[in-house]
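Per Swiss-Prot, the features are as follows:
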- 217-243: compositional bias 'Polar residues' (COMPBIAS)
- S219: phosphoserine (MOD_RES)
- T233: phosphothreonine (MOD_RES)
- 1-54: region 'Disordered' (REGION)
- 64-140: region 'Interaction with TIMELESS' (REGION)
- 217-276: region 'Disordered' (REGION)
Amino acid sequence: MLEQEENGLFEIPDYEHVEDETFPPFPPPGSPERDPAEAEPDEGSGAPVPVPPKRIVKRNIPKLDATRLTSERGLPALRHVFDKTKFKGKGHEAEDLKTLIRHMEHWAHRLFPKLQFEDFIDRVENLGNKKEVQTCLKRIRLDLPIVHEDFVNNNDEVEETNSLDAAATGFDAFVTSSSDSKRFASEASRNLTEEQQQRIEKNKQLALERRQAKLLSNSQSLENDVTVEESSTGENQEESNGLISADGPHDVPSASTQEEGQLEAEETQLDHPNLD
């Protein structure tokens, strides 16, 4: 510790008369104490230094082959390329052809960007003879699953059908339970007491009597309506007969005049037989 003087200053030690610390010298370059990795090659010796071989990483260059053509971005993707495109139809054939070629170029670029569209078409024509490509085209025409997504969609459809079957079985169980409940209700009705059965029979008889009374009242009202209609029709017939009788004498003179004319003609023929 530094001692504090009277005037408040510290006493500084004398470093001039202190000896420096001695360190050991560095070892020579080829000494065994030194790490061989740190040793530098001796240029004057002329010995050949072995050079480690470089590691060459081989990268798989993508090729447009049958497996790539039948992948998800290959021929199966053509099924949905033209889903959102609308062709104009007759009179616009050139525009429709341009849109078709543009979509095909986009599909070819996504599948294999290195080739131009013309070279891509030539390569696809050559690959059309491969068995894998032909089977893929057949599956597309027959609407069979090709990609993993198609199999997943089929599994979803199977699950939906299974759920429908489960719902149907549940409905059948509900129907059977309802039939069981009806059977239990019939058994419970059998187990009714005699007093309850007598009350039920009395209620049935009262309901039948009320129904018969209603039927009788309805039949009486119908008979009354029929009699009223018959009386009204009889009065109408009497009135019509009276009118006919009143009109009859007017027709009698016409008939009598005709008879008188015929008699006069016969008398003239008898009085003048030689006129003919």
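Note: Cβ is positioned from N, Cα and C throughout, glycine not excepted.
From a predicted model like this one, the values you see are computed outputs, not experimental measurements.
Note: the region 'Interaction with TIMELESS' (64-140) comprises 50 helix, 0 strand, 27 coil (DSSP; helix = H, G, I, strand = E, B).
DSSP classifies S219 (phosphoserine) as helix under the three-state reduction.
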